Structures are given as C-alpha cells and as structure tokens.
Amino acid sequence: MGLDRPQAWLLGLPTAAVYGSLALFTTILHNVFLLYYVDTFVSVYKINKMAFWVGEAYRASPNNPPFPSRSGAGLSSRAVVLARVRALGWHGPLLALSFLAFWVPWAPAGLQFLLCLCLYDGFLTLVDLHHHALLADLALSAHDRTHLNFYCSLFSAAGSLSVFASYAFWNKEDFSSFRAFCVTLAVSSGLGFLGATRLLRRRVEAARRDPGCSGLAVDCGLCGEELLVGSEEADSITLGQYLRQLARHRNFLWFVSMDLVQVFHCHFNSNFFPLFLEHLLSDHISLSTGSILLGLSYVAPHLNNLYFLSLCRRWGVYAVVRGLFLLKLGLSLLMLLAGPDHLSLLCLFIASNRVFTEGTCKLLTLVVTDLVDEDLVLNHRKQAASALLFGMVALVTKPGQTFAPLLGTWLLCFYTGHDLFQQSLITPVGSAHPWPEPPAPAPAQAPMLRQGCFYLLVLVPITCALLQLFTWSQFTLHGRRLHMVKAQRQNLSQAQTLDVKMV
C-alpha cells in the first residue's frame, strides 16, 4: 500500500501543474546552456573565431523551418493532443541528450560546435512548438489559458535557480565537477519529461473514458469539449494554400511585425546586458554583485510574469502588453533625460529593462493562442492549426536573433568608434564572464565608450517601443472582436459534438 501513495499523489496533481512542469524541465537546461556554452567552446575547447561565427550564423538562419510534421492529419482533437504529448515524451529526453553533447569533447571543436547547436536548437524548437501548441489545444477560454501559463511561469522560475547552482561548479581549469552537474541536470530533465508526459497522457485518456467530465475545464485548465469531440476529417490543404491564408490574416501580419521587434529587443538585452554592466556600472558594483544581477535577470521575468498574468485576467492581454510598451518608452525617456551619472536609476533601468522585456515575450504566447482561434474561425478549419501557426511565428521572427548582435555592435562602433570585433572574441550573453576582458581603452576614449553604451542602452528601447506601439495599435483581436471569435469557436465545437452524436 505504501508504494501506491506516491503514485496516487502524482495522479492527484492538477493537470495545469503537470503541463507547467514541462517548462521546468526545459528551463533547467536552457538557462545553463545560455550561460556557459560559448565560454566552454571559447575558453575550454579553444574554438577559432571563424568556426564560432559559422555555427552561430547557421543556428540563427531559417535553415530548418520550425514546422512539425502533420501528424494530426485525420485525427480527432483528443488524438492530436495525445500525439503532441507523445512527441514531447520523445523530444524532451532527446533535448536532454543533445544538451549533454556540449560538455564532453568528442570531435574537433568547430565541428562539435556546429553539430551540437543544430541538434540542441532543433530539439528545443520541437519541444517549444508542441508545448505551446498544447496551450491552444488544451484550453479555450482566456481564464484557462492564463491558468496554464501561470504554472509555466512558476515552474520556469524554479528552473532558473539552476543558474545560481551552476556558479558553485563552474571552473574552466577543472571541468569535471561542472560536467557532472550538467549530467545531473540532463538526467533530471529527461526523466521529468518522461514522467510528466506519461501523467498528462493518462489525464487525456481518462477524459475519453469518462464522457461526463465537463468539470475538467474549470478544475484542470482543460477544455473538455475540445478533448471530448473532434472531427475525424482533416483539412486537405497544401502549404502554399496555408501561406496564402496567413497572408490574408491581418492580425497575424501585424502581430509578427510587432513580435519581430520584440525578439530583436529580447536578444539585444541578452547580448549586451553584461557589456552594460561592465562599462556603465563596473566601477560601482562588485563582480559578485554583477553575477547576482545576471542570475536574477533570468529568474525575475518568470516571477514578474505571475503578476502580469493576474493583470491579464482582469484587463486582458492586449491592454497589459500595451501598458508594458508604454512603460518601456516612459522609463527609457526618463533615463535619457537623467543621463548616465544617476547610478541608482541606471542600475534599476538596466535590470527592469531586461525583466519587463522578457516578461512581455512570455505573455505573447497567449496572443498566439488567440490567433489560432481566429485562424480556425476565419478559414473554417476542422481542426486548429496550432503547431503550424506557432511554427510560422517562430520562423518569421527568427531573424531578430541575428540582427540584435549585428546591429548592436554596429551602433556601438558608430557612436564611439570602438569596434568590439577587433578585441578577443566576443561572447554574447551566455557565460559567467560573457565579455572577455578587452584591452583598456585610452583615457580619452573611456568616457566616449561609456557614453556610447548609455545611448545604446536607452535609444534602442525607445525605438522598439515606438515601433511596437504603432504595430500593436493596428492589432484588433481584443475586446469585442476576441469575444466574438471565442464564441464562434465554441459554436464550432458544439456543432461537431452534435455531428458526432448523430453519427
């Protein structure tokens, strides 16, 4: 009997918590990857500069469009959910294995870097797509989706604690302890994916056996009707027809225009956060304080998102995102007027700029789920094309990752004449010492470099905020329009229910 208690306790977990735990098993790997993969290859494996940039350029390019296979063709809605859960059960452990491949030298550094990046980025894309698509498939109402997203943020914050633990093991001279730490993370993540997907699969299958479980939507964050019924007839549509439909989807076009700027800004903050700490605050804060700020910048967005989600329930996602854009613009203008010598305000701005920007990125997943609903209604689909839409958003906005470091370094050179590429290899965010110690600038150049970093810090958010406020003002899927789309999708589900019962 005692052996059955843990299993019974696990089976009693809320479905939203099981869904959110998948974010934990991704985050414990990905944050450590971001912090250390570059420093590992540069400082430990001694990769050359050309091989490093070839690998990064290949990773950032749309070489593998993030479209999952159309495994849902001919399946009911519940079967599509089960297919996604099974895919996560496979791709999650494979993500953990590809994570491990970074920390053991098994090929020439350049070749290993390229192969590891391709494998890791591919499996991470698949895990993210299926996980985000489940958000649209499992829940229909805004309340249920924010409930699921709440648990994702909670577990992501817990997973970010691996960043703090990693500092105790990181040692470039003796890599064995850090390698053992990464093995522990990978094993924990892989087993976690297997356990969570097994539990989630049982929940969905239990809903099939109990057709009266309509309370599932309220208690567990699942849309009962979506799981209980579904058309067996799949949409026969080619990729070209789907792309033409998206080209006519006005809200989708405005959203990806805004999200492209958001992805750029998020990666710009990630790439240049350590540089701003070094040149704007290094004389006033200790190295350990800077490391703590860097670690907190990974945890705080998830915790902050818990508050943002409560605001979304009250005011709607559109209003909260618009408020964050206005806040970004207002804080940036205030910082520009105050200047770089107000150190307390500068420290607060550097931290809050990254936290609020990352928080906005996490809220936009909810907007994509609404676009999935609108796409289904506009094109009279039999099933929601959730994974395809998430994949298209990822594909269109991916260039923002590449433009961030390129445009940032060009702007810094334009303002100051200081070319970062003439120094030893730059490490974009992602190492315990992300920007290797460059030769000290001449005394006359140091103030100019600090001033250039300050202008880069404030003018990029101002430009991004203005562009985003304009594009977001053109987005109409909110308020009455959103309620109408939700009602029409609900009617489609009920019509499918009647069709199934008649058959």
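Cβ coordinates come from backbone N, Cα and C, glycine included.
Features of the protein shown, as given by TrEMBL:
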- 16-38: transmembrane segment (TRANSMEM)
- 87-104: transmembrane segment (TRANSMEM)
- 110-127: transmembrane segment (TRANSMEM)
- 148-170: transmembrane segment (TRANSMEM)
- 176-200: transmembrane segment (TRANSMEM)
- 252-273: transmembrane segment (TRANSMEM)
- 285-303: transmembrane segment (TRANSMEM)
- 315-338: transmembrane segment (TRANSMEM)
- 454-472: transmembrane segment (TRANSMEM)
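A Cβ distance under 8 Å defines the sequence-distant neighbours of the transmembrane segment (110-127), meaning residues of its chain 6+ beyond its ends; these are 22, 26, 30, 33, 37, 41, 45, 47-48, 50-52, 54-56, 58-59, 64, 66, 68, 87-88, 91-92, 94-95, 98-99, 101-102, 394. At the 8 Å Cβ cutoff, the transmembrane segment (454-472) and the transmembrane segment (252-273) share at least 3 close pairs (sequence separation 6 or more) and count as touching.
Looking at 87-104, 148-170, 176-200, the range that has the most CB pairs within less than 8 A of the transmembrane segment (16-38) turns out to be 148-170.
At the 8 Å Cβ cutoff, the transmembrane segment (148-170) and the transmembrane segment (87-104) share fewer than 3 close pairs (sequence separation 6 or more) and do not count as touching.
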